[in-house]
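These features come from TrEMBL:
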type	residues	note
BINDING	GLY12, SER13, GLY14, LYS15, GLY16, THR17, ARG129, ARG172	ATP binding site
BINDING	ARG38, SER60, ILE61, VAL62, GLY88, PHE89, PRO90, ARG91, ARG133, ARG144	ribonucleoside 5'-phosphate binding site
BINDING	ASN95	CMP binding site
REGION	32-62	region 'NMPbind'
Amino acid sequence: MHNVVFVLGPPGSGKGTICSKIQENLNYVHLSAGDLLRAERQREGSEYGALIESHIKNGSIVPVEITCSLLENAMNASGDAKGFLVDGFPRNEDNLQGWNKQMEGKAVVQFVLFLSCPVSICIDRCLNRGQGRTDDNEESLKKRVETYNHQTYPIIEHFEKSGLVREVKSERSIDEIYADVVNVFNAANKE
Ligand SMILES: Nc1ncnc2c1ncn2[C@@H]1O[C@H](COP(=O)(O)OP(=O)(O)OP(=O)(O)O)[C@@H](O)[C@H]1O
Ligand SMILES: Nc1ccn([C@H]2C[C@H](O)[C@@H](COP(=O)(O)O)O2)c(=O)n1
Ligand SMILES: [Mg+2]
């Protein structure tokens, strides 16, 4: 049974940055759904490359059958760990329903780490990210933020109803955010 922490927040809120620090120090394995999709996009012989690229540039969400299988395969391929940081997933209702269907009996959600951050700060961070992403531009970011507001935030509200959300305000410095994140994980692992 895989132990999972979903990591959600607007584009540029720092999910990847904070997940990397958690992975380094807290024995959780970081799985970025976006990174897995970008790798599949580039994979020789992938039948999904063009579909994935179209969704990424359009800031829309790839069908869950593709993303959830990439996540499950990555979890199964990982060695022992305290758990998995599933970064940027579930991002909409299709992701949530697909996860519930595919991962029933295989994974348990420990909690949802929600990195909240004003969109203006998020957009600036993405525009200055410098990683050559095809979706770090004004047009794609506008669509990604719309997707986050209309499709992803309702998923955070869904988990909030079950008391599973741990919000950390992420407009602060990385060190300040990470100090709070460590406290969240320490508290969760005492329960
Ligand atoms: N607290 C912070 N203060 C300043 N810059 C930050 C902070 N957190 C992350 N960054 C920077 O902002 C950019 C976006 O961070 P990151 O890639 O971790 O965000 P993300 O939530 O994973 O974004 P996406 O959803 O687009 O993948 C990176 O260049 C990162 O170095
Ligand atoms: N569950 C997911 C996660 C990501 N994607 C696609 C669409 C996103 O805009 C893009 C980049 O994700 P990020 O690296 O910003 O987390 O990847 C998706 O379709 N479904
Ligand atoms: Mg990221």
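Glycine residues also receive a Cβ, built from the backbone N, Cα and C atoms like all the rest.
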Ligand 3: which of the binding-site residues SER13, GLY14, LYS15, GLY16, ARG38, ILE61 have a Cβ closer than 6 angstroms to it? LYS15, GLY16
When the Cα of the residue listed as 'CMP binding site' is compared with the Cα of each of the binding-site residues GLY12, LYS15, ARG133, which one is closest? LYS15
Could you check the binding-site residues SER13, THR17 and say which one's CB has the fewest neighbouring CB atoms inside 10 Å? THR17
Between PRO90 (ribonucleoside 5'-phosphate binding site) and LYS15 (ATP binding site), how many Å separate their Cα atoms? 13
Among GLY12, GLY16, THR17, ARG129, which are recorded as binding-site residues, the nearest neighbour of ARG38 (ribonucleoside 5'-phosphate binding site) by Cα: GLY16
Just give the helix, strand and coil counts over the region 'NMPbind' (32-62), going by DSSP. 20 helix, 1 strand, 10 coil
Enter the number of other CB atoms within 10 angstroms of the CB of ASN95 (CMP binding site). 24
Let me make sure I understand the span of the ribonucleoside 5'-phosphate site: among ARG38, SER60, ILE61, VAL62, GLY88, PHE89, PRO90, ARG91, ARG133, ARG144, what is the greatest distance between any two Cα atoms, in Å? 21
If you compare CA-to-CA distances from GLY88 (ribonucleoside 5'-phosphate binding site) to each of the binding-site residues SER13, GLY14, LYS15, ARG129, which comes out shortest? LYS15
Give me the Cα-Cα distance between ILE61 (ribonucleoside 5'-phosphate binding site) and LYS15 (ATP binding site), rounded to a whole Å. 17
Using CB atoms and a 10 A radius, I'd like the single residue among the binding-site residues ILE61, PRO90 with the highest neighbour count. PRO90
